[in-house]
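TrEMBL annotations:
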COMPBIAS  1-10  compositional bias 'Polar residues'
COMPBIAS  365-382  compositional bias 'Low complexity'
REGION    1-20  region 'Disordered'
REGION    361-382  region 'Disordered'
TRANSMEM  37-55  transmembrane segment
TRANSMEM  75-100  transmembrane segment
TRANSMEM  121-146  transmembrane segment
TRANSMEM  152-173  transmembrane segment
TRANSMEM  185-211  transmembrane segment
TRANSMEM  240-261  transmembrane segment
TRANSMEM  273-293  transmembrane segment
TRANSMEM  299-318  transmembrane segment
TRANSMEM  325-343  transmembrane segment
Amino acid sequence: MSKTNDSQAPRTRKPGNRNGLADFKSDIHALFDDRSMNLLVTVFVIVAAVLFIALPDFRTAANFNSMALQISDLGIMALAMTVSMIAAGIDLSVVAVANLSGIIGIQVMTSMGGVDSSPTAALFGVLVMLATGTLLGLINGMLVGLLRIPPILATLATMTLWGGVGTAATNGVSISGASRSLTDLGNIAIFSIPVPTLVFILAVILVWLFLAHTSTGVKTYLYGSNAKASLFSGVNNATLMIKVYTFCGLLSSLAGVVILMRTLSASPTYGSSYVLLAILVAVLGGVSVTGGSGRVTGVVVSLITLQMLSTGFNMLLVGHGNSNFFKSFAWGLFLLLIVWLGYMQDHGFGFKPHRGTSTNTAGIAAKKPTAPATPTSHAKAG
C-alpha cells in the first residue's frame, strides 16, 4: 500500500459518536498541521503584503468589491472541478454546463415576459437553470459510472456537445433578456458583500459540508484514494460517480446563475479559458491530480491569491496592450513557485532528494493516501 499523506488523508471516526464542536476544532488543528496549506497561506500573505505596499489603489474598498465579484463564477466552477478531482476524475464540462444553463434560463424568462418579467419568473428561471445543470451532471455521472468511460473523455465529449447545443440555440451569439429582478439582485450588496460573492460563499459552505460531513463525501475521498478498496468496502462505485458528477453539474449551473447576475446575458463561448483556470486553482489549492486529497480552504486561498495577482498586474500595466500576457506569465510563475517550494519543503533545500521520500508538492505529485478500512471514515475537507 502507498504511504498516507497525513495532512490530507481521510481520518477515521466512530460512527454515531459525533460532536460538532469537537469535529470543528479537530478540523482547524488539522488545517494548521497541513504543510501544503501553510505554504500556500505564506505565499498568499507575501503577495498581499507586496501589493498593499506597492499599489495604493489596490487597498481601496472599490477594488476589493471588484475582485470579490470577479472570483464568484470562476470560484464556483473551481469548486466543481475540485470535487471531481478528489474523486480521481475531472469535469471538463463545467463551463459548458454553466453557459447552457444560462441560455436555457434566459429563454425561459424571455417566454415569461423577458426583462420586465416578475420576480416569480426570475425564480422559476433560476430553478430551471439548476435543474438543467443537475441533469447534465447526471448524464456525465452515468457516462463515467455506468458506462465506465474515463472522466476526461466523457466530460470532453459532453463539453463539446453542450457547447454545440448552446451555439445552435443562440446562433453563436450572446443573448440577453434575463429578468430585471435577477440582474438587479446581482448589483445588491449585503453587509457590503455583493450578492454574487455571497452565492460563491454559499457554494463554498455547500461543498465543504458535502465533502466533510456526508457519507457521499467520505466515500468520494475513499474512491479517489483507492477505487478497489472502495469497492471492497461495500461502496457502489457507479452510484457514487453518478452522485459526484450530478453535484458538479449543480454547482456549474449555480455558476451560470452568477454569470447572469454579473453580465446580464448568456453566451455559448463565455469563459472559454475558465476550464484550465479552474484546474489551476484546484491544483494550486492542494487538490491532488491523482485523487483522494484536497481541501476547500486551499482552493479558496488559491483563488484569492490568483485574483490578487491578476488585479495587481492589471494596475501595474494599465494602458499597456500586453497586460494579459503578463497576467498569464504571473500565474504560470506562481504555479512553478508553488511546485518548487513544495518540493523543497518535502526534500529539504538540498537538490538531492532523500531516498524513499514521497513528494507532496501542493497535491500535484502526492501519492495516494492509504484507504481507510471502512467508508464511514471522515475526510478532512475543510
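Even glycines carry a Cβ here, placed using N, Cα and C.
Note that TrEMBL annotation is computational and uncurated.
Predicted, not measured: the structure shown is a model, and the values here were computed from it.
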**Prompt:** Sequence-remote contacts (6 or more beyond its ends) of the transmembrane segment (185-211), Cβ cut-off under 8 Å?
**Reply:** 61, 65, 68-69, 71-73, 75-76, 79, 82-83, 86, 122, 217, 220-221, 247, 251, 254, 257-258, 260-262, 264, 296, 300, 379, 381-382
**Request:** Output the single range from 121-146, 240-261, 273-293, 299-318 maximising the number of Cβ pairs under 8 Å to the transmembrane segment (37-55).
**Result:** 299-318
**Fill in**
Ranking 75-100, 240-261, 273-293, 299-318 by Cβ pairs under 8 Å to the transmembrane segment (121-146) puts first 240-261
**Message:** I'd like to know if the transmembrane segment (75-100) touches the transmembrane segment (299-318) in this structure, counting it as a touch only when three or more C-beta pairs sit under 8 Å and are separated by 6 or more positions.
**Reply:** yes
